[in-house]
Structure formats: C-alpha cells, structure tokens
Amino acid sequence: TAPASLYAPSALVLTIGQGESAAATSPLRAVTLTCAPKATGTHPAADAACAELRRAGGDFDALSAADGVMCTREYAPVVVTVDGVWQGRRLSYERTFANECVKNAGSASVFTF
C-alpha cells in the first residue's frame, strides 16, 4: 500500500474567459496553482496567491479586494473558474466580473494572471 500523505493536497486549475458564464465562453488563459507542500505552478504569483487563499480559508468569495484600485464602469464581462482540490476537498468555483480591471481588483493576487 502507498504511504499516507503528510499533508492534504491543494492543487487548482484557474481559467479566464470573456463572457457572462463559463458555459458560454472558451478559456483565454489557464494557470495551475499547487499550494501544498509548497507554492508552485504556472500562476505568475504562486506564493502570494497561496498565502491569500490560506488567509481566506480556501473560500474564493472571502478574498479581500486589492487596495486602491479604480476601475471604469465598462461592461465587458470576464468569467473566472477554479477547479481542483483545496486541503483535500474537491471544489468548483465560477465568478463573473464586470471587466478585467474589476477581476484584477477582486483579490490581491489569486485572480491576477
């Protein structure tokens, strides 16, 4: 038998697409983010994104907005999806932002890729 893992896995795939829902769009960009045992993946700020997710308890709706960001009221919807495992629990998340600026302001680093 395989040895027991010393940590619960945290491995995610994040995508961004233009549109109001993931079902109605194709991903424009995708990154991987692994947070255990250490921050790795193709996410450009893996360390910061993992730290931010840990502070939020893996709850994407609880991520803190980036400070001091001003965005236009332009409506060009961007949808973010997250699928994978966070601390051993499967998760699937989808959120639509009014535009790219609002998406980037939705977290300090998690959605900035």
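Keep in mind that glycine also has a Cβ here, set from the backbone N, Cα and C atoms.
Feature annotation from Swiss-Prot assigns disulfide bond to CYS35-CYS50, CYS71-CYS101; the stated evidence is similarity to another entry.
Positions of Swiss-Prot features highlighted on the structure.
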residue	record	DSSP class
CYS35	disulfide bond	coil
CYS50	disulfide bond	helix
CYS71	disulfide bond	coil
CYS101	disulfide bond	helix
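Taking Cβ-Cβ distances under 8 Å and a sequence separation of 6 or more, the neighbours of CYS101 (disulfide bond) in its chain are VAL69, CYS71, THR72. Of all the disulfide-bonded residues listed here (CYS35, CYS50, CYS71), it is CYS71 whose C-beta has the fewest other C-beta atoms within 10 angstroms.
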